[in-house]
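Trainee: My questions will all concern the structure given below.
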Amino acid sequence: LLILNKGAQWRPTPSLIPMSWFPSCSSDRAKAAVLSFLPILSWLPSYPVRKYLFGDVVSGLSTGVMQLPQGLAYAMLAAVPPVYGLYSSFYPVLLYTFFGTSRHISMGTFAVISLMIGGVAEREAPDSDFYVHQFNSTNKTLDTDARDTRRVQVAVALTCLVGIIQLALGLLRFGFVAIYLAEPLVRGFTTAAAVHVFVSQLKYLLDIKTTRYSGPLSVLYVSKIGQTNVASLVVGLVCIVFLYVVKDLNDRFKKKLPVPIPGEIIVVIVSTGISYGMKLCDVYHVDVVGEIPTGLLPPSVPKFSLLHSLVVDSIAIAIVGFSMAISLAKIFALKHGYAVDGNQELIALGLCNFTGSFFHTFTITCSMSRSLVQESTGGKTQIAGLLSSLVVLLVVVAIGFMFEPLPKTVLAAIIMVNLLGMFKQFRDVCLLWGTSRIELAIWVVAFIASVLLGLDYGLLVAIAFAMLTIIYRTQRYVEGLNFQLLVTLSLCLLQATECAGIKIFYSNTSIYFANSDLYVSALKQKVT
């Protein structure tokens, strides 16, 4: 508010406008802002080299070895050529080292996000749009080069928009939205996504030429099984058995093994050599990865003319990507005793996706399997993530062409075995049945809706149902208040005496997923 004094000069009224509304700019504030935006500056100068470096190096190499086959495999899910999975395993991982607040999660390609991108890419660039007439013939052939180029444009534009949304939400301090993404919702949704991913990989395992369906009930469409390539099926099944045995050995002897057995890279190297030596592509018509360009592509601007048709999809992918990253980051932070900032994680993810889109990457988030390896092999900081990205860079620049004979059925086997951890989430049903029927209902609704309606509509239904449970729980608590009980409790507390070493922390509302984080934060403030 302003007033006019006798000298006809405008000035603010000190009594009406407190000076606290105008925070002064100081060196401490500037330093705090820089450290908040670049978390690496808060720990890198005091990095204990002797204590952490060896563990980070071992962890980075182990994670990098996993990044390679998963990057190639998840690019198939995203409906783009495999080399773009390697690009997505390098640039964003490198950026997250500087901007992320979690010390243990492994950024890069992820099955659920890749599947959502692939659905959008195939919807915007279906095979039917790229059939061309052969010269002097009535037959039509599929122009795969033009199709793949268009799908890459769609995936890159979608990634750019996802990055913009995440970056905007982070700058607007919308990190709190993760509260409403209940753990049962996320686990039910990812379990349903695992079903979609498994079904989508059957075409590569069986080596049949069929169109990927999208939309409601798309998971039920499986066709042309009679055209199965027996050679591809045999190779894929052998790889599945081998990978499952290796994963089981890693789980059983994880305390005795210095690093996990790299089953995925072993399968990739051996199957590539066998495919090249036996000429599986030429003799048995096994579908292989094909051309992998050597080196990095020059940066280019995404095709912004495609953005108008990708808005709804980008919002869903942005939310899912953030929910996966923040939920896993909180688990590791709680285990190792440090804090992660939801708003800064949004900014970090936004920068990784937005900047990466100019370098031909598709949307990334953290991977559960790689994060577990990065943490279990001794990783202490994101130096491990930096080293894993350099491993991918070495392959892209120097030896990427060696994987051209790799059968796609092998990549499908890698994806299917990696889904094992997600399928184990079916155990949540029994656990939630005995702890919370409402959270069980959230899990079941998220799973069924996502399986039957598709991942985008399923997520919307799951979030809406979770919000309804919040309203129900709040209303039920208010209706169940017993005034006489509260009065009696208050009188008892007034007459109570404090015992040394004992504190009673009382919450006047029921505790559930929407307020559990706030409850824990308040409790920590009271006891520290």
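The backbone N, Cα and C atoms fix where each Cβ goes, glycine too.
In case it's useful when we look at the structure, here is the feature table from TrEMBL:
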DOMAIN    53-446  domain 'SLC26A/SulP transporter'
TRANSMEM  72-98  transmembrane segment
TRANSMEM  152-172  transmembrane segment
TRANSMEM  226-246  transmembrane segment
TRANSMEM  310-334  transmembrane segment
TRANSMEM  346-362  transmembrane segment
TRANSMEM  383-403  transmembrane segment
TRANSMEM  409-426  transmembrane segment
TRANSMEM  438-471  transmembrane segment
Trainee: Is it the case that the transmembrane segment (152-172) and the transmembrane segment (226-246) touch, counting contact as three or more CB pairs under 8 Å in which the residues of each pair are 6 or more positions apart?
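Mentor: In this chain the transmembrane segment (152-172) does not contact the transmembrane segment (226-246) - fewer than 3 Cβ pairs sit under 8 Å.
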Trainee: Near the transmembrane segment (310-334), which residues from the same chain, at least 6 beyond its ends, have a CB less than 8 A from one of its CBs?
Mentor: 101-105, 107, 110, 112-113, 116-117, 120, 124, 154, 157-158, 161-162, 165-166, 169, 175, 177-178, 181, 183, 186, 189-190, 340, 342, 345-346, 349, 353, 363-366, 368, 371, 375, 455-456, 459-460
Trainee: Any contact between the transmembrane segment (72-98) and the transmembrane segment (383-403)? By contact I mean 3+ C-beta pairs closer than 8 Å, pairs at least 6 apart along the chain.
Mentor: yes
Trainee: Mind looking up the mean pLDDT for the domain 'SLC26A/SulP transporter' (53-446) in the predicted model?
Mentor: 87
Trainee: Do the transmembrane segment (226-246) and the transmembrane segment (438-471) come together with 3 or more C-beta pairs under 8 Å, pairs six or more apart in sequence?
Mentor: no
Trainee: What else in the chain is close to the transmembrane segment (409-426), if you only count residues 6 or more beyond its ends and a Cβ gap under 8 Å?
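Mentor: Counting only partners 6 or more residues beyond its ends, the transmembrane segment (409-426) has Cβ contacts under 8 Å with 69-70, 72-74, 76-77, 82, 111, 187-188, 190-191, 193-194, 197-198, 201-202, 204-205, 207, 232-233, 235-237, 239-240, 243-244, 247, 264, 267-268, 271, 286-287, 289, 368-369.
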Trainee: What else in the chain is close to the transmembrane segment (383-403), if you only count residues 6 or more beyond its ends and a Cβ gap under 8 Å?
Mentor: 47, 52-53, 55-57, 59-61, 63-65, 67-68, 71-72, 82-83, 86-87, 89-91, 93-94, 96-97, 106-107, 268, 272, 289, 292-296, 374
